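Taken straight from TrEMBL:
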type	residues	note
ACT_SITE	K132	active site, charge relay system
ACT_SITE	S207	active site, charge relay system
ACT_SITE	S231	active site, acyl-ester intermediate
BINDING	L181, S207, V228, A229, G230, S231	substrate binding site
DOMAIN	83-561	domain 'Amidase'
Amino acid sequence: AALALLCGSAAAVVVWKWLSKRHIQEKIEEVQRTRHEGLKRMAKAVQQFREQVPSVKTDAILSLPLLELAERLQEGSLSPKAVLYTYIEKALEVTQQTNCVQYFIPECEEQLQEIQRQSERGLLYGIPVSIKDHIGHQGHLSTCGLVQFLGTPEQEDSVLVKVLKKQGAIPFAKTNVPQSLFNYDCSNTIFGQTLNPLNHEKTPGGSSGGEGALIAGGGSLLGIGSDVAGSIRLPSSFCGLCGLKPTGKRLRPVLGTLLCLPWTLCHPMPVPCALGPMARDVDSLALCMKALLCEEMFQLDPTVPPIPFNEEVYSSSAPLRVGYYDTDGYFPLPPCMRRAVHETREALQAAGHELVPFSPHHIHKVVNELFLKTFFADGGRAWLDVFTGNIVDPCVKPQVNCCKIPKLGKKLLALILKPLVSFWLQSQSRAVSASLEMSVKEIWDHQHQIEVYRSEFINQWKELQLDVMLCPVLGPAFTAGFPGKLLSAASSTMLYNVLNFPAGVVPVSVVTEADEEELKLYRGCCDDRWDRMLKQAVAGAVGLPVAVQCVALPWQEELCLRFMKEVETLSREK
């Protein structure tokens, strides 16, 4: 009888798991049907517009830089309707190839009417803008690629969307993200894998990967992403775009319904996340920041410092004192990324700027202690909770599996792996240690350590009398599936989230055949499994973008952008 009861219980558990999985699958299929119907409706609306106004020169509109397009819209030589439908048509084409758009925002047609009723034309009048999945828009889902957020649309526009609309912009599409956002690939079980438009075997990066793919493919010319470890900068690097991570709270950080995600912008964190723009050139980023840092933003959210955009700093041409380094001493980047720093340094020196060698300290501690422990202070329980009722996407499985190890198991694994020579195994040990639950006192000590590290870094910066910093960024684009296995490879971007410095990415070159040959000789730290995995991840990248990272001190976004503009100008001249 006991055996029969045991067998019956086991069978019941199997059936219950099967039914739960089937229920999840049905919800996903329903969302996918809704999405498909929405794409068809938008394609039909584009076709109707094309029939009504066959004379629209779409190629001419798509070729215009943002500043020139904005000027044409302001003066009336282009209509917002023609621009909107041109970009929707292009976005439909790009998402068919790369799966970057989760869905279009039908209310963009209402916003089109609204801006024509406004008494004053905002700085972004008539500009179509794409937004990352988790940026709230009334009536639409903010899923983070998680099933539990299906069926709960946002009740109102986020502050950022309200300000965009006030400035005349037209939010028209929501873009794809990795499941839970905590990855720099771009895949989830609801909307699938997003591909890099420059090479479909590569990922566009993440977590703002849908934005990266859409803008790089030409389907948007301005997008809003977010960045907690490089989520704006890595897609920009992988897709050949310009992207800016501002100082935390320079822009409004609340994300509507996503209050249960511990690493999103709605929680006060010692390592803050930041919203920021992504575009094809630096002037577009500057225009976006200028538009967002307005009275409307400061009134809607009094916690945002009322600091308008400083045009004088951005437009300055005074020589800069630039700190630089080509490696952070933690994760050696591929040869082409270090080449990009060297060539940019030489170009800056030739242009009259002063270059000063810099060496960032204790990056092992930054990644494994200060960064990872911020997000897994509870042993990863809050993060694991968001996967309840979800099928885990392969791109985040390595992190999920690590967090699922029992506390005692984590301690034993960390002890066993710690003395081993392999950098990869030591890193695994540190990652396991970082996911151990902390006491309240340990959390206080951890936050104090972050403040101490920031003070030490700023003192080092001030002693060298630096204006800005030139440094590497992870790249070129990884083959899809590798980012989840190489989380700590993003140390170059994580550093400036821990420091809370504004940091931007600018493409300066492309991968050459010579770079690919030199990659074959790459040994990394120890020529161990992790180093060999990085070689696999970035191989086959000839012709893909190579970028550098530009950094300034907190609240100096304008100076960061001014430096990015200088780097962009010099790289284009070269």
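Even glycines carry a Cβ here, placed using N, Cα and C.
Within 8 Å of the centroid of the Cβ atoms of L181, S207, V228, A229, G230, S231, where the record puts substrate, the same chain has further Cβ atoms from F182, N183, Y184, G206, S208, S226, D227, I232, L234, C273.
Counted over all residue pairs in L181, S207, V228, A229, G230, S231, the record's binders of substrate, the longest Cα to Cα distance measures 11 angstrom. Counted within 10 Å of its Cβ, the other Cβ atoms near S231 (active site, acyl-ester intermediate) come to 33, all protein chains included. Distance noted between the C-alpha atoms of A229 (substrate binding site) and S207 (active site, charge relay system) is 9 Å. Taking all protein chains in view, 29 other C-beta atoms sit within 10 angstroms of the C-beta of A229 (substrate binding site). For V228 (substrate binding site), the number of other Cβ atoms no farther than 10 Å from its own Cβ, over all displayed protein chains, is 25. When the alpha carbons of G230 (substrate binding site) and S207 (active site, charge relay system) are compared, the span between them is 8 angstrom. For the pair formed by K132 (active site, charge relay system) and the residue listed as 'active site, acyl-ester intermediate', distance between Cα atoms is given as 11 Å, rounded to the nearest Å.
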